[in-house]
Amino acid sequence: MTLRRASGCRQLTLTIGLALTLGLLQWPIGDVRGQDGASPAQVLQELLTRYGDNASISVPQLRSLLVRLNGGQSEDHDSKTQPTRTNASKCLAADTLAVYGMSEQSRIDERGLQQICPTMIQQLDSQACKTQPNQESESSPRPTEAEVWGYGLLCVTVISLCSLVGASVVPFMRKTFYKRLLLYFIALAIGTLYSNALFQLIPEAFGFDPMEDYYVPKSAVVFGGFYLFFFTEKILKMILKPKDTGGHGHGHSHFPAERYANSNGDLEDGVMEKLQNGEAGGAALPRAEADGRGVGEDDKMLSTGQTVQDTQSSGGGGTGGCYWLKGRAYSDIGTLAWMITLSDGLHNFIDGLAIGASFTASVFQGISTSVAILCEEFPHELGDFVILLNAGMSIQQALFFNFLSACCCYLGMGFGILAGNNFSPNWIFALAGGMFLYIALADMFPEMNEVSREEEEAGGSGFLLTFALQNAGLLTGFAIMLVLTIYSGQIQLG
């Protein structure tokens with residue numbers, strides 16, 4: 001009886017204190033001062049300074065404060081009042097935050113803290129933020145500055161090194177397995193980019209938490225609809241192929257058969273037109289062998305660095321600059337090469353922006369975004385390397401400018417971290433999600449179809465192998481992002 005009476009007195013004291021706090025916070029800021037000389041604005045500022053940072057408090061920080069306040073009164077309660085795990089998961093839930101126009105990534109200032117104060121009292125009274133004994137808070141703390149910059153620099157460095165892989169695969173570019181390997185990596189990039197946008201970036205932009213809002217199954221169904229139509233289209237194309245051999249190809253054919261009978265000059269113009277339309281990539285090189293070019297011309301274009309450099313030096317002479325960058329004069333290099341370099345620099349800057357903002361939210365989010373970008377950059381950089389060679393650069397020049405554009409990712413990462421620390425990163429997640437969807441569906445998906453077009457037209461075992469590689473890449477990328485999303489709460493680094 002004494003225990004219950006003491007518990008009731010403590011609860012009454014807490015209620016009175018919270019009521020007084022509510023009255024103080026609801027008073028117009030700056031109009032009056034309290035008995036101790038501190039105005040309501042100063043009280044709010046002290047709370048934000050003590051429990052938040054940068055004159056604001058994040059939702060996880062506010063939730064931790066409520067858990068701390070609610071946990072302090074639970075030791076003397078009997079077992080009947082112990083909250084369940086479900087109550088703990090509803091502390092400042094997404095629908096509650098939405099009433100105030102907030103999300104999981106929002107930063108709450110003085111005015112916002114004053115407005116949300118009634119809900120804070122309701123959460124404390126209902127013990128929605130009370131944890132079970134020996135149970136840690138559900139919300140994981142934000143990464144430290146060292147973790148954000150350390151993991152960010154590491155991931156961006158690994159991604160940037162992909163730009164140097166192009167030179168190592170030059171001797172194998174005319175091999176059959178190179179084309180099939182490239183096809184798998186393109187499909188893998190589509191799967192990771194599309195799934196990362198569905199599972200993480202777009203939900204993060206809306207403030208959803210995969211552990212609380214249970215959106216993952218619905219996102220998986222969205223991918224299932226995409227994959228179902230892809231699978232059905234390929235099967236129908238294989239079944240109905242005999243009907244298409246008479247010249248009645250379906251309306252999505254991008255390259256009529258007459259183009260492949262043109263001269264080498266017309267073919268080169270077609271490739272350049274395709275590159276300028278944004279459908280460039282690893283498909284440009286494997287098509288060279290199928291389009292009827294002579295072996296000698298292919299060997300000259302895809303031989304070792306010395307062959308390319310010698311050929312260019314004999315035609316245009318050295319640049320007169322750095323010896324390591326010796327090759328054709330910059331004024332003689334095709335305009336397409338500079339367009340590709342500049343567009344790649346902008347592309348990599350946005351990639352870095354997404355990586356930096358993701359790491360400010362959580363280490364898991366940053367790693368997931370980096371994995372998706374890495375899978376996309378690998379085949380993308382290989383294709384860019386070939387484009388720069390075809391435009392007239394030497395291997396040394398192509399490596400240098402490809403790596404230079406890749407380094408723009410560092411600049412984007414820095415801006416992303418600064419924006420994520422001082423502003424809500426939800427807008428960056430929304431921008432990155434749209435970009436990932438476009439790259440996957442409008443850029444790399446047509447590229448994958450173009451790489452596999454020759455095998456599909458031939459039919460037989462070649463078509464089945466190509467179809468298997470496409471499915472393996474798509475499903476592998478989907479599985480990687482699905483596993484990372486489901487087990488995000490168990491991923492702990494550092």
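Placement of Cβ uses the backbone N, Cα and C atoms for every residue, glycine included.
Values in this document were obtained by computation on a predicted structure and should not be read as measured data.
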Message: Looking only at what Swiss-Prot records, is N421 on the same membrane side as Y178?
response: no
Field: Non-local residues, at least 6 beyond the ends, that sit with Cβ under 8 Å of the topological domain 'Extracellular' (419-426)
entry: 54, 103, 105-107, 148, 204-207, 353, 356-361
Message: With a cut-off of 8 Å between Cβ atoms, can you find at least three pairs linking the transmembrane segment (427-447) to the transmembrane segment (182-202)? Only pairs 6 or more residues apart in sequence count.
response: yes
Message: Counting CB pairs under 8 Å, which listed stretch among 153-173, 220-240, 398-418 touches the transmembrane segment (182-202) the most?
response: 220-240
Secondary structure content, the topological domain 'Extracellular' (419-426) (per DSSP, counts of residues): 5 helix, 0 strand, 3 coil
